[in-house]
Ligand SMILES: NC(=O)C1=CN([C@@H]2O[C@H](COP(=O)(O)OP(=O)(O)OC[C@H]3O[C@@H](n4cnc5c(N)ncnc54)[C@H](O)[C@@H]3O)[C@@H](O)[C@H]2O)C=CC1
Ligand SMILES: CC(C)CC(=O)C(=O)O
Ligand SMILES: [Mg+2]
């Protein structure tokens, strides 16, 4: 099992270092893995001038799975789009055809008080956000900023083909079959043709899954319902941009954005695994970032890419135990708990493994 480690920028190296310790622990315990590090994002721009250099392209194509920290940072904000760290991330997703982004929103009972909602509203929360990842307005052409009628206009294109919608809908329905059997498709069909097509194709695809209950919701209502009554949702399927926004919102129901892992999969079982958050420049280099989302992403990697259910569960159980023992990074801290830094949280997970 060859794994490419792309730590990236900001807190990326700090959190990936803790996930790497977990992987190395499992290797020492007999799991055969090979780890190789590469550059992506701002650190790659600094070293090579490109956010997704050729050596990284080769590495991720050859690897069986990729573990990513995060990319981006203030210092890169004024670069042209093709040189920006985020473009490296979008390109890696497109290169590997990682169209299915799974973002589980699970509340650990120990963090019920850290949630932004009342404990009784979030107790037992377990939602799966299925976000389409290689289409939509983040990739659509034409795009740009140009002069029109004596002033600059900025424009992007929201575009989805039937086949792109159908394949992500299948992922959502299949996931729902293994869960509560409910899919809520989120769109904005009242004003956007692109998402009218989204609704039509999801509805058509649902006919293959008579055992799954499909509902539709407009995205503005979905944003509100997530904080009103999140437990009404089982699987949410949506496009790239809406999924990006709704998953950051949903993360706070679990206590912190530092708790949500993700898997980005293609149809050949190759996956990229990363926390849903960004490079958090405001806390980088301070040993305060929460590494659990990244550590939980390694569990998703072992499960989805390598079928190593036991090793994956071992990591998830260790995280549960750590929370039960009261270890908390700053983002999930409450009084009476043990405040720890990024490295100490990694120590605690390893101790429980
Ligand atoms: N997958 C990726 O690589 C992503 C990259 N970005 C990039 O990251 C940079 C910063 O973006 P922001 O909008 O600030 O979003 P962000 O997700 O990096 O941070 C938002 C807030 O959450 C906090 N936070 C994030 N992760 C945390 C963790 N593990 N533990 C504790 N607190 C955490 C940050 O300190 C910040 O206050 C930008 O350049 C952006 O483009 C943003 C999202 C995803
Ligand atoms: C570059 C962005 C699209 C990254 C992001 O915010 C995400 O994937 O959640
Ligand atoms: Mg995001």
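Here the Cβ of each residue, glycine as well, is placed from N, Cα and C on the backbone.
Here TrEMBL has 93, 131, 220 binding substrate, and the candidate from 84, 103, 228 in that same listed site is 103.
Checking the recorded positions 188, 220, 244, 248, 290 against ligand 2, the ones with a C-beta less than 6 Å from an atom of that molecule are 244. The highest number of surrounding Cβ atoms within 10 Å, among the recorded positions 103, 188, 286, is found at 103. Using Cα positions, the member of the binding-site residues 103, 131, 220, 284, 286 nearest to residue 244 (Mg(2+) binding site) is identified as 131. Set side by side, the binding-site residues 93, 131 differ in how many other CB atoms lie within 10 angstroms of their CB, and the most is found at 131.
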